[in-house]
């Protein structure tokens, strides 16, 4: 494998000489290693799943793992050249991109990467530069490892890659972030996901005598909120599209779920991440949360779930009275959002068919008839006005049978139905669910999955999240400040990714500090015991 | 590191020197059953006869099997208690201390011993362990419920569980929240009167899931009357742990071959009353089960599948669980993999071949056991879902159409759907509504079935061709289809079978 060449060796011809293989074969090996799938998951083209290719893959892995980490760091740029060279040979036989790269990078390692006008997020060249220069590998490692020295928390963690040919490669694991980074650069997945920590190394799972010895033991508690689940109530966009109006649903969801996790369950290390297109993920990283089994996850998810049932289920909020403290608090948070973001911005009951839905949710028949009459006579009446009409007509006492308490309850239910977070609960329930890693690039939008600072979650604008092409351009345009004192800036510090990476870093430091404290304490306690003995 | 090792060895030494352990005289705990209930922490040590060993185990097993059947039939706790009472009195009586029964100690001994015998019998595999701990917990809960309050209190105190009692000051501070969380039908008049426990929320997952406790800072505030779920959770936890230990000890069971056959026999007889599906029992000879015929056949589908079919035709799409439930059902009625792929491909008319191959083909093949891990392939994929599974697992979320309409639809939507599939009789609709209110979803489904096949059922009953066994309550969608199909094709079926008979006769000649 060309990975194993020492840093002194420069471009590809030398690499070939060392391995002693003719060039075309070498390329082929690369190609096949990239498409072999480790397990029988994901669509596989039959011709590529043969055994000997598996062997090659295994060999390749072995070579990589033996290689010292330090070398990789110094050889960084030149390795890239090897790859770039190979890829451009194959994929761009006569394009300009090839020329630019080969002539540029070897002699000027830190020099900007010139991108052609056509480059986009799906361009392998762009993605490679992103993973190579911007992705915060070290913090990702510390985040999952919970300490600076490599441990099984990271080593037994499953990673899953979605390869460019849409094959899905599961059960990958890496002792350190350098090896993870290298494999990502080799395979160029369009995205990768993070799974649980297993009881043994996921790569060894088939060598175990008992399959029961391979089981997931820890993973962050995750939540997934997706705007498509709001399609029946959002009027501004649908499907994969979003705008700032409907993003408010996510803002509300973050506020409600975050406070519940912190105040009620006592979790401290909660990170919210923009999913790259139309939703957000939460990662609860407290040790206690990570070690929860499926039953506890299910319980917690159930605690947070208020909206149940499909579109056919009729009334979807069925909560008991008096309101549970969590629901009451959520309602308090959501009330103002309901007024502004729902009634005003979404205007959900503007037309005849739409206000039928509202009337269905109200309890009193006479009142409903009166409202219908009023609204039919004034087509296009705004939702805000309609909402106040309910109380106005109710107060007028035109319905004898009206139960004020039932009406209030129904109104609370409506507020909740239109604002309460709609969680994709399956993600939270299972220990072994995989979730997209933070900071990967969404292949459709090109946007980076950046963390959202919950203190300012209202200011978060998904549409201004930097795209990968923006970021690479920013590196190019960056000039060193006068007072740099020779301190070399990291590439991410030159871009608008900086605040996000810094936020991530401080988040990770917080976790590491907490876990370190616990360890020190335990050791002290044990020392005490030993003394007594 | 070295210091750590020290302390660990020390902890283990507390019990006994492992070299001397095997020669030590067993410590017999003098067994005096003070309370009616038992957490089964101390194993029995006295002698019993082999006959007693077997008989007691069988009696307990009978009770457990019935209890499991109750849960499969979706009985409410009250119904289960009423149903189980005579059985318990007969096979496993257990009187309260206050009853002053002379057989008190005998009964409790039998309960104690039979539990441990079954533990041995059911510790061998993961599956058996899980089932055993589930039904034992149910039995424990049942008995705990019918205990009188004083005895219950005594028992709980004796358990020594680590619960913090919430002090007066704290109670006052959260009085509002505590009142609201406890809520429900029994709104407390006075928060101070109730006793509250404070435990880690992880210990009362079911209370947290149902938002029946106030949770703050990782602690759940449990009202005294919710004790039961904590006690049961503790019981299950300890039993699971003990079963795990037993299973590890089993291979080293110091035993002549008198007990092993009895134990093996016991675990074999713990049959599942769950309506399991077998492909041979539901195959229909002569039926045209193919992709293009599904539309015709769908009139014989149960409502859950008709609903899926209608959604599929309406949206040209179904979400994941909908596809899974429907694919497995189709597999169950005998649609083979190729036809099934054709069916889905044509049904998803709005997407390209490429998308279909990428996103859907694999899942269908996986369900049929065509791809996937070794065990999946050997087992021919998943079994079609039973009503039990559809009713209890994965309730449908936004935009999803799977599940059981009788359970997951509101009554208005259910009525509309029933009318749309041709059930217009007011009597039936009212019956369905009542069944739904009583949570008897099976009954509702069977009611609709009987209405839809009124004539045919009458005919087979009169002819005497179908006995009670063929007409018992349907608890599996595939059974529904099979019976419906057979009834609707009575004439043809008989003609075919007569032909067969004639052929048989000829062969014998």
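First residue shown is number 1, and so on along the chain.
The backbone N, Cα and C atoms fix where each Cβ goes, and this holds for glycine too.
All TrEMBL annotations are machine predictions without curation.
Features as listed in TrEMBL:
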COMPBIAS  B:1-10  compositional bias 'Basic and acidic residues'
REGION    B:1-21  region 'Disordered'
COMPBIAS  B:11-21  compositional bias 'Basic residues'
DOMAIN    B:299-481  domain 'DNA primase large subunit C-terminal'
BINDING   B:304, B:387, B:404, B:445  [4Fe-4S] cluster binding site
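Take the mean position of the Cβ atoms of B:304, B:387, B:404, B:445, the recorded [4Fe-4S] cluster site; other residues of that chain with a Cβ within 8 Å of it are B:302, B:303, B:390, B:391, B:405, B:406, B:407, B:441, B:442, B:477. For residue B:387 ([4Fe-4S] cluster binding site), the number of other Cβ atoms no farther than 10 Å from its own Cβ, over all displayed protein chains, is 25. On its own chain, residue B:404 ([4Fe-4S] cluster binding site) has B:303, B:304, B:387, B:390, B:391, B:441, B:445 as residues at least 6 apart in sequence with a Cβ closer than 8 Å to its own Cβ. Under the DSSP three-state reduction, residue B:404 ([4Fe-4S] cluster binding site) is assigned to coil, being neither helix nor strand. Counting every protein chain shown, the number of other Cβ atoms lying within 10 Å of the Cβ of residue B:445 ([4Fe-4S] cluster binding site) is 25.
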